[in-house]
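Per Swiss-Prot, the features are as follows:
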- Tyr50: active site, proton donor (ACT_SITE)
- Leu190, Ile228, Lys230, Ser231, Val232, Arg236, Ser239, Asn240: NADPH binding site (BINDING)
- 257-276: region 'Disordered' (REGION)
Amino acid sequence: MGAPLVALNDGNSIPQVGLGVWQTPPEDTERAVAAALAAGYRHVDTAAAYGNEEQTGRAIAQSGLDRSQVYLVTKLWNSEQGYDATLAAFEASVDRLGVDYLDLYLIHWPVPEKNLFVDTFKAFARLREDGRIRSIGVSNFEPEHLRVLIDSTGIVPAVNQIELHPLLPQRELRELHAQLGIATEAWSPLGQGSLLAHPTVTGVAESHGKTAAQALIRWHMQLGNIVIPKSVNPQRIESNFDVFDFELSEQDMASISSLEDGSRLGPDPKTFNFTG
C-alpha cells in the first residue's frame, strides 16, 4: 500500500510519508534511498546542506522508477539566499540530483538577520513559472516570517517543514497553517529517537502490535502532518512505512500528545542565522 496523498494549496499533492536523509552520510544515502523506494516510498527529502543530493539522485535514477513516480524535495541553504544566488543554487542542486525539475523546493531557514527570504521566494516563484519547480515552500518559518513572506509576495507557501514531535507539537503554528492553507511537514518526527523507549509510546505501540516508531508516525499522520522519518537501516526503513493498516484511538492520540513539554531539539528559527 502506498502512502496517502496530502493535497497542497497549489493543486498538487505530496505523499504523506517520505524518507528524510538529514545526517545520512553520503556513503549511506544511496543504499538508504534505494531501500526506501524498494519498500514503497515515493517521497524523498534532501537538502543542499546535507551533502548527499548526488547520492539521492543516483538512487532514484537506478531504481527503475520513472522520475514522475518519485516526489523529490530539496532545500536552499542559508548562504545562497537572494534572488540571483537562489537561481544559481537551484541549478547546482538539480545538477547534483541529476533531474530537470523538483516537486518541491524549500527555503531551509528564514535567516532573519539577512532579511533575504522574500527575494529568495520571488526567485522560487520564477522557477515555478518556468516549470522547474512544481511546488514552492519553506522550512522552519515562524508566524512572523510567514506573514512577511505572504504580505510581500502575495504567495502562500505550499508547505512549511518544521521541527515537530510529541514534545514540541507546534499547536499554534499548525493552527495558523490550517487557516492559511499551508501543509505542515514534520522534521525530527520521532524526537531524534528520544521518544522510542518512552513507556507511554511503547504502551500505545504494543497495544496495536506495532513499534514505537510506527506509533509516532501514525500520531503524525492522524494530526494531518506530512512526516519524513530518517533511517539508514533497511529493516527500519521498511518498518517505518508499515503504518497504513492501523489507527490510533482518541485516547492513544491524547496519551502521546500529553508528552508535550516544549523541548526543541534543533535551533530556534527566530535566532538561527548561521550561513556557513
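Placed from the backbone N, Cα and C atoms, the Cβ positions cover glycine too.
When secondary structure is read from DSSP and collapsed to three states, Asn240 (NADPH binding site) falls in the helix class. Taking Cβ-Cβ distances under 8 Å and a sequence gap of 6 or more within the same chain, the neighbours of Lys230 (NADPH binding site) are Leu19, Gly20, Val21, Trp22, Gln23, Thr24. The local packing around Asn240 (NADPH binding site), expressed as other Cβ atoms within 10 Å of its Cβ over all shown chains, amounts to 26. Comparing Cβ neighbour counts within 10 Å across the binding-site residues Ser231, Ser239, the minimum falls on Ser239. Note: the Cα of the residue listed as 'active site, proton donor' and the Cα of Ser231 (NADPH binding site) are spaced 14 Å from each other.
Counting residues of the region 'Disordered' (257-276) by DSSP class, helix then strand then coil, yields 1 helix, 0 strand, 19 coil. Other residues of the chain with a Cβ within 8 Å of the Cβ centroid of Leu190, Ile228, Lys230, Ser231, Val232, Arg236, Ser239, Asn240, the NADPH site, are Leu19, Gly20, Ala213, Pro229, Asn233, Ile237. Around the Cβ of Ile228 (NADPH binding site), a 10 Å sphere holds 27 further Cβ atoms from the protein chains shown.
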